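Quick look at what TrEMBL annotates:
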TRANSMEM  43-64  transmembrane segment
DOMAIN    78-211  domain 'Fatty acid hydroxylase'
TRANSMEM  132-151  transmembrane segment
TRANSMEM  264-286  transmembrane segment
TRANSMEM  292-309  transmembrane segment
TRANSMEM  316-332  transmembrane segment
TRANSMEM  344-362  transmembrane segment
Amino acid sequence: MSPSAIACAVGGGLILAEALLLRMMRREHTVWPELVFNLNSGHILMWAFRGVEIAAYAAVLAHLNLHWIDRLPRAAQWTFALFAWDLCFYWRHRTHHRFGLLWAVHVVHHQGKNFNLSLCNRNSWYASLTDFPFTGVLAVLGLPLDIYVAISSFHYAVQFFNHCGLVRSAGVLDRFLVTPRHHRVHHRAEPQFFNCNFGGTFLLWDKIFGTFTRNDDDHVDARYGVDGIANSCNPLRASHEPLLQLAGARWPASEHCSPARASAVFVASGGLLLYGMLICWLNTQHDAHSDLHWMLMGCTLAGTIALGAHCDGKRWALPAWCALALALPALLHGDRTMSDTVPAALLVLFAVHGVFGMIQFARNAAASARLPQR
């Protein structure tokens, strides 16, 4: 497996393990539609736009490089990158809370009402595109691309840990690093916590720039999310509704959605299958020009949209999802990569899920036909 596919698989496993432990240790109920949304909210396009970000960094490095950093000893380059990237992230994060267009992108991350590892994955489709204006300065200064990619990956791993719902205190690490104890304050719904604790890894920046807030009373009763903004489980809607509101427009009103049509079990299982498809797609990045790579990307994106629209109660969404789930084995079974044991099992599960979806759709249609006509 590719490094990105391994990272995605390990992250997904840790998220599910945390949900199980929260259930066992604290009796916290897992909100599966939200957790699955967090897993699939922006991953497929975020990974694609991450590639755009890295390509843009490489272009700036090639044409606008001042060569200040790449002249330093290698150890000094790594040390500079460790702190400089985190400083860029601090100002990127703080600016996203300050300006309307950037907040319309970032607000997706804050809409989650449950603080856990999956929240780290909850992002707008366009989050990666708004990173580069802040980290691109490192390319101008001459930070080599390999160090940039490695250091940013390290900081993202730390930020993943910062969303852990199991950790109340990280001991001595709480003194100088951003830990779940500090970052959960940033996700509080109360307005007094909106402009605090912007750091990603080091507490240094919040303390220097006066945005650090300690809240030792942040217990189980804390409220998370963003007041006044609908919390949708539709990734397409979540990524675009804030932008439409900024332009004075509205997202089309959802149809009434009965519990039978959008059961948590159906949505959760479908979302986990999509996450498995995402891992398969990441594993084809070494051959980005292949038909399989683009087919997996298109199917994952289409499935994300269909399942999200199903959560919103769109009548077309369930048959569209079922058609895609049933078609996937026929579309992909001939490829050698998808014939391996795990991908092949995933395709079978998609087909089974599609069959159950069609049965549910038929039951809903029969129930609707029995309703008295008005």
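Quick reminder: no glycine exception, Cβ is built from N, Cα and C everywhere.
The stretches the transmembrane segment (43-64) and the transmembrane segment (344-362) do not meet in space: the count of Cβ pairs below 8 angstroms, excluding pairs fewer than 6 apart in sequence, stays at fewer than three. Within its own chain, the transmembrane segment (264-286) is flanked in space by residues 1-2, 4-5, 8-9, 12, 32-33, 35-37, 39-40, 43-44, 47, 233, 292-293, 296-297, 299-300, 303-304, 307, 310-311, 321, 325, 337-338, 343, 346, 349-350, 353, 356-357, 360, which lie at least six positions past its ends and keep a Cβ under 8 Å from the stretch.
Residues 37, 40, 44-45, 48, 232-237, 267, 270-271, 273-274, 277-278, 280-281, 284-285, 316-317, 320-321, 324-325, 328, 331-332, 335, 337-338 of the same chain sit 6 or more residues outside the transmembrane segment (292-309) yet have a Cβ under 8 Å from a Cβ within it.
Taken as a whole, the domain 'Fatty acid hydroxylase' (78-211) shows an average pLDDT of 95 in this prediction.
For the domain 'Fatty acid hydroxylase' (78-211), residue counts in helix, strand and coil come to 84 helix, 3 strand, 47 coil, using DSSP.
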